[in-house]
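Q: This is the structure I want to talk about, given as structure tokens.
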Amino acid sequence: MGQEYEPIGDEDDEHTHRPPTAPLNPSPERPFSLLEYSVFLLLGIAMLWAWNMFLAAAPYFQNRFRDNRSILTHFQSSITSVSCITNLTSVLFLSKMQSNASYPKRIILSLIINIVVFVLLTISTSYFRQISSSVYFAFTLLMVFATAVATGLCQNGTFAFAASFGRPEYIQAIMTGQGVAGVLPSISQILSVLAVPELDHWDDTASAPAGISDKDANSAFIYFLTATGISAVTLVAVLPLVLRRMRMQIVASDASTEEDMGPAKRKVVSMITLYKKLNWLPPTIFISFLVTMFFPVFTQKVLSVVPADKAPRILQPAIFIPIGFLAWNIGDLLGRLLTGLFIRFQPRPVVLFLFAVLRVGFIPLYLLCNVEGKGAVVNSDIFYIFIVQIGFGITNGLVGSSTMMSAQHYVDDTEREATGGFMALNLVAGLTAGSLLSFTVSGIS
């Protein structure tokens, strides 16, 4: 029977369930380009850098909202809720808009939005300091909303654009860039705490002097300015690649048809069709990132087993907690890098699915650690940092990258872009579901 794809209803096709080592449509591979890899690495960094800057600027927001107890208590959860809901909604909406979608334009638009948002945030750290907490809170949530829309555009556009090249290395580059975006802010947070002797932003809000701390404002200024710079550099780097790719598509379109004078319409692939073709992969990425979202809840509660009055400064909560985040992010980055070393080895989807489910086993390991300083079952910081945090991070990087890279092997060439956006949707859905479910363990101590 025919070896060609059929638009809908190909669930009975034997190719639907082929393993990644036997691609559905073995087309000639596009040559690998280190320059293109670097651009996708930058896009991965830019994709998450904006959100990480909001987290890193938490002491600044605490200072800014100090005169309104209600806002001070709820600003972090409000930022998270607005970001997650907006991000998921935008990615879902964009995934349904395939027919005339220009994925490169979505990438460019996302970077422009982020540049505008973080220029405004940078200005706000030096000016308009006298406006009320409620007005600045509304402004902050508006900026979070815009950034979440930009992140959705970037996620949908970047994964779809990378998938169109048919090189799994480029998907791995995006995932690695996301890992880098997690490590660098963690390092900067630790260094910023070490730079100021014995200053505790977390516990001393009540006794701190009135007004906005210059140090917090300067730190936020640097964070927001860095986010602006990352987006601007990425925009400059991606434009030549986008323009070259568009020229190639126009030439290919002109060569393949003479009557089509307008932009070619994409084949629209339904989500049901993609679920059938990708089989275990969508639930794998969903479950893996759902489980991952439990780690921030516990990481901010686990303290060193060395009593605070005897602990060196590096084991004090103000530094030990960021070290916990850094350890997890280093593990995550290592996992993503490992998939690049074994790029030709693609595990079977059912194995990835089982691996994702087994990651749930890391959650109870946190209960063996020193949660909120109430004592540890395993009295060891090494156990917490290397086994729990780095182990949890490595498995996230391995499962996430391997799953995203495997997806393109199950679809036709013309379905790759839609598949990239669809897998990004499942990833974001997992993050959102995990962030909501993590509230169920937020009271554990």
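Every residue, even glycine, has its Cβ placed from backbone N, Cα and C.
Source: prediction; values computed, not measured.
As annotated by TrEMBL, region 'Disordered' applies to 1-27. According to TrEMBL, the transmembrane segment annotation covers 37-61, 107-128, 135-153, 221-243, 280-298, 318-338, 350-367, 382-401, 422-444.
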Q: For the transmembrane segment (382-401), name the stretch out of 107-128, 135-153, 350-367, 422-444 with the most CB-CB pairs under 8 Å.
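A: Against the transmembrane segment (382-401), the leading stretch is 350-367.
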Q: Taking 3+ C-beta pairs under 8 angstroms (sequence gap of 6 or more) as contact, is the transmembrane segment (422-444) in contact with the transmembrane segment (221-243)?
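A: Answer no, regions not in contact.
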Q: Please give the sequence-distant neighbours of the transmembrane segment (221-243): residues at least 6 beyond its ends with Cβ less than 8 Å from one of its Cβ atoms.
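A: Tertiary neighbours of the transmembrane segment (221-243) are 35-36, 38-39, 42-43, 45-46, 49-50, 53, 56-57, 104, 107-108, 111-112, 114-115, 118-119, 121-122, 125-126, 161, 185, 188.
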Q: By a Cβ-Cβ criterion of under 8 Å, what residues six or more beyond either terminus of the transmembrane segment (37-61) are in contact with it?
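A: Residues 75-76, 79, 83, 107, 111, 114, 117-118, 125, 140, 144, 147, 150-151, 154-155, 158, 162, 169-171, 173-182, 185, 188-189, 201-202, 212-213, 216-217, 219-220, 223-224, 226-227, 230-231, 233-234, 237-238, 241 contact the transmembrane segment (37-61) from elsewhere in the chain.
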Q: What stretch of 135-153, 280-298, 318-338 shows the most Cβ pairs under 8 Å to the transmembrane segment (350-367)?
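A: The stretch with the most close Cβ contacts to the transmembrane segment (350-367) is 280-298.
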